[in-house]
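Chemist: Let me begin by handing over the structure; questions about it come next.
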Amino acid sequence: MSTTSAARALDSRTPSSSPAVASRRRRPDRGVWIYVLPVSAVFLFVFVGPLIYTAWTALHETNFYAIGEFSGLTSFTELFADPNLPKQIGTTLAFSLGALVIALPAGLLSATVLNSLHRFKRTVRGLFLLPWLMSQATAGVIWLWFLNPNFGPVTAITTSLGMGPTDVFSSPTSALVGVTLITAWWSYPQAMLLFLGALQTIPGELRESLKMDGGGVWRGFISITLPYLRNTIVSVVIVLLMLYVQMVTIILVTTRGGPLGATETLSMRVFNQTFNDFDLSGASATAILLFAVNVVLTLVAIRFRRKESL
Amino acid sequence: MITKRWSYATAVAAATAVVLAGCSASSSSEPSASDGPVTLTYWDFLDPSQDNPRSNALEENIANFEAANPDITIDLSVVSLGDMLNRLPQSAAAGQAPDVFKMFTPTVPQMAAAGAYSPLPEAASEITDWLRPPSNLVGPDGQQVAVPYEYRTCAFYYNQKILDQIGAEVPTTYEDVVDVAGKAGAAGFTGFGTGFSDTDNSAIISTFFDCFMSQVGEPIWNDDGEAEFAGTAADEFGQILADLRDSGGLGTSVVSDSYSTVTDGLTNGTVAMAVLGSERVITLTGANPDIKWGPLPEPTSGGTTGATLGWTLGIGAGTDHTDAAWKFIEYMTGAEAGAVMATGGEIPTRASTYDAEYFSTPEAETVKTVADYVESNSEPHTYSDDWIGVASGLSAAGQSLYLNKTSGSEFITAAQDAINE
């Protein structure tokens, strides 16, 4: 058999050369759409649709929840001309980063404690998870009562120590610190669970080798734990930042953005514009800005993860 | 091949149908009132499952109505006022407003402007024995959209024990209130309980302001619906608050205090005086025998007549059951239901109700006293369609007054500007 005829014979056996076989190969590809279409439809319905509707609303005048005349970029112009906006962006960043700085190490520390426990593991895990098991509204109300300056338990303690009543929500700075701490307290178990999952994937042999080499707890944390957790830390940062930037309930229950707008984050601004001012167009413009902030934060984090994996 | 294509098409169609089914508004298959049994959706802030006199009275009234009207069932949803203010405009825009709902007097025009109401039927105009005229319960076209269900106005509450302890007489003017509050503050009490928190829709400061404006006879809005009260007798309101602050008569947590923290303070004996709604008379005097109440202190110019407030009932926009809804409202504001609601401490709104046997019993004495007080010490006035803005503006200005030490006139101007913003 010559080279040419052999090649031809081989070619005739190659499935791709046959139209019928090629058609058979395409058919399973087409079947994929059965799975893709419903997912795409739901994605369009619950994400793209509302996003377009929000942008559409921001470009129109509104009267309560009725959309009126096309108004162009008026809502965006008013948004960026609002002298309160820079302060609200600053509050959003201070609140989000502040809560993150507390919840991240608290989650890591509690996960490390849980991972090294050999007895009462379930009980301690349940105790650590307690804040997260409550709804945000319940957590807010509990702290509101706990810190009540007239009859709250904290006031009773501080008064008996001669320090006077606690008055957390009556001054701008302490109110912002208060809602930040409450939010960090409520959300740290979420970080703890993610860290705990990652800690349990670290091979035990590594720690044993370290022990044999005379490495201590701190060396183990720096040389083994942290490198293994790097990607998880990035994931936790993304998850928590998204949560904090969009947080409404705890702020709504405790301060509603006050006093003097000190705890009015961008999310609270959206809430107040929608339900206090019934300014749906303005709220939509703010929501688009909030969405942009979220997209930027996510892209930064994704870029960081890619670098990590290289 | 054809079978497989059909199976793909069927699967895609089914998935699309599932998604579209989620999109479509639920259509009611319920017959109209004239066709037979009707279920009325009713939003109220009272929870009948709770064991307190007002909730028990509501539960009894609904049960009595259903027994008397076996073809009408009441489907009660418990919705707080704050939630109702948020949800009513949304549900009305979506064509899903409740058939009947309760609403606080000052926010009726705002909810009417949001399209939450259906006009009342002609039969509503046949009721003429309201204790106070319902002419302020109207929509943007001036048509009545709600009827009074319960009355209240502002009253002056004070703790006699604290006043005796500091050697003070019961104040009769706001000037006296400032003096006594300063003394009570110096003795370690909250001299005058009020609050600038926005967490409960600024209920306490807005109610106080509403009544004060009635006392001095000043309107809050001009003919164009703009807030315009700065530079009038309203300035005294800001001055009173500034004087209370300067005398040490306000609580240190006034910025974050709300209606409930002040009532709790009165009950616990930590607050010496407060201006609150008359609906608290029975609960506060029952909880703490040292609490007394009386007419509002007099301003420099004006009297003791506050605003007539209270809960109202109206028919939701787009209801298919107007007749049944009105039948329910007529019953709930009528003599039979009024006598039951009075056992829960609420003040019925129709004169004919007070002919019921219950009102000749000793148990009804307090309710009758408060009803007489509301009738003689309050007047209804019109509201614009932005009461929530008024309330928020007042609390923001109040926070600034206390934290930034602004003056009384600056408080009034800031409140007015915030409302008009």
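In case you wondered, yes, glycine gets a Cβ from its N, Cα and C as well.
As annotated by TrEMBL, compositional bias 'Low complexity' applies to A:12-22. According to TrEMBL, the feature domain 'ABC transmembrane type-1' maps to A:89-301. Positions annotated as region 'Disordered' by TrEMBL: A:1-23. Feature annotation from TrEMBL assigns transmembrane segment to A:32-56, A:93-114, A:126-148, A:168-188, A:233-253, A:280-302.
Give me the structural setting of these features: burial, nearby parts and distances.
Modeler: Outside the transmembrane segment (A:126-148), and at least 6 residues removed from its termini, the chain residues within Cβ reach (under 8 Å) are 110, 114, 154-155, 166, 168-169, 178, 182, 185-190, 192-193, 247, 249-250, 252-254.
Residues 91, 94-95, 98-100, 102-103, 106-107, 110, 131-132, 134, 136, 139-140, 143-144, 147, 149, 240, 243-244, 247, 250-251, 254-255, 258-260, 262-263 of the same chain, all 6+ positions outside the transmembrane segment (A:168-188), place their C-beta atoms under 8 angstroms from a C-beta of that stretch.
When Cβ-Cβ distances below 8 Å are used as the criterion, the transmembrane segment (A:233-253) is approached by residues 92, 95-96, 99-100, 103-104, 107-108, 135-137, 139-141, 144, 179, 182-183, 186-187, 190-191, 194-195, 263, 265-268, 270-271, 290, 293-294, 297-298, 301, 304-305, 308 of the same chain, each at least six residues removed from its ends.
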